[in-house]
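Here is the structure we will look at, set down as structure tokens.
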Amino acid sequence: MSKKASSEKQASRNSQTQGTDFFDTHIAQYERALQHIDVLPHVRLILGQPKNEIIVNFPVKLDNGEYQLFTGYRIQHNNIMGPYKGGIRFHHDVTLNEVKALAAIMTYKCALLEVPFGGAKGGVALNVHKFSRSEVEKITRRFTHDLGNNIGPEYDIPAPDVGTNSQVMVWMMDTYMNMHNLSDKNAQRRIVTGKSLTSGGSRGREKATGQGVVYSIQEWADENNFRLDGATYTLQGFGNVGSHAAAILSKLGASLVAVMDHTGSIANEEGINVRKLTEHVKATGGVRGYTSCNDVTADEFWAMKCDICIPAALELQIDERVASMMNCRLIVEGANGPTTLDGERVLIEKGIEVIPDLMANAGGVVVSYFEWVQNKRSESWQLQEIDERLHFMMRRAYHDMRAFAREHNTDNRTAAYAVAVGRINSVYGERGIFP
Ligand SMILES: NC(=O)c1ccc[n+]([C@@H]2O[C@H](COP(=O)([O-])OP(=O)(O)OC[C@H]3O[C@@H](n4cnc5c(N)ncnc54)[C@H](O)[C@@H]3O)[C@@H](O)[C@H]2O)c1
């Protein structure tokens, strides 16, 4: 490839990762699934766009006394199955298109897992690393204030996503409680999920998405007579999803051989100590500079030979070029939408199996649902009970997806979408459209 073509390709990848065509990618995946099921014409139309798109521009006074205007989004894709549900992302690449795609993915994820929620997503365009803790708190509170009654404990329930965490959720909850004259404040804690344990969170929520990634891998391993003990894997993203998946995989004897995050890529064919890497990332903010590893380029990271690759960072990372370099047997999408359409075509040609985002990273919303139920009933479940319930729901969804894929001879993503859309279609079929 000429240098010009190569730099154009890089530019196009960069614009993809900024979310310009993430929604189109999602729609193409959705429409591919529609070829395998009978869907009512009006349901096709309804699901093709979100129900509500809320955009707020709000000012915040920064530590240096200056004001900055932020743009925040809350996209409510569909709520026929239950209240809108989905994360809040703080990242400089957040766009309307990106949040629309993420909201739709939530609708189908909940339907596939049989979680009685609909789909939503939110975000604020900001580089969270450039703001102080008190600035992030002010941004969170002002965003929550401006969303007003567009969120609510029975209507639309946010959760953490990239760049947000349990502390951000607790600030959202506290702001919401102070804005509303509520008789039973404690029961309203379910306005958000992913809270800290002390402020009404659930045991197991912090690790839930990573735990669900591992449950998905275990189902695949059982199906394929594959031993996880001694298996090798690579990980893009060492945040909430990636680090918890890695910690659990270590206990099962799998070996992490390369990691990439926003600070760089590191590799060690002999295996990386996940506990020590976690301490390093906590102390320094990223994987870069971790000793006992070699620094590698992004291309070397993607080309690393391994059994399993877990993308757990951002969308549209595995494009045609990256997919053609990959040397693994299985991709497990901890992230939402990490694979482009061209990337997926190459993976299928190469015989690399994909456990798609709808399935692989659903553990977070499942345990968010458990948190919401516990808050509603003033209950506190034990971790063992949460893990067992999560495992049951992940296993059921995995086998629903695989059964469809086998019966209709489709890839797993098409099957996951088809099962989910089929369930939503049945509800629309029974209820009809008002008026
Ligand atoms: N947190 C959840 O419960 C949850 C649930 C379902 C899906 N997800 C999805 O998982 C993914 C990760 O979410 P998270 O909650 O772990 O976020 P996080 O903010 O905790 O971690 C994000 C990770 O991605 C890395 N990253 C960011 N930009 C990158 C880049 N350009 N290149 C390489 N790495 C980069 C960061 O360094 C970090 O390690 C997202 O796609 C999110 O939507 C999260």
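Positions of Cβ are set from backbone N, Cα and C atoms, glycine also.
The candidate list K61, K85, K130, K138 contains one residue that TrEMBL assigns to the substrate site with K109, S368, namely K85. Around K109 (substrate binding site), the same-chain residues at least 6 positions away in sequence with a Cβ under 8 Å from its Cβ are V115, G119, D357, L358, N361, A362, V365, A420. Within 10 Å of K121 (active site, proton donor), judged by CA to CA distance, lie the following recorded positions from the set D161, T209, S368: D161. The 6 Å Cβ screen around ligand 1 retains N240 from the binding-site residues K85, N240, S368, ordered by sequence position.
Same-chain residues that are not part of K85, K109, S368 yet have a Cβ within 8 Å of the Cβ center of the substrate site turn out to be G86, M106, C110, V115, F117, G119, A159, A362, G364, V365, V366, Y369.
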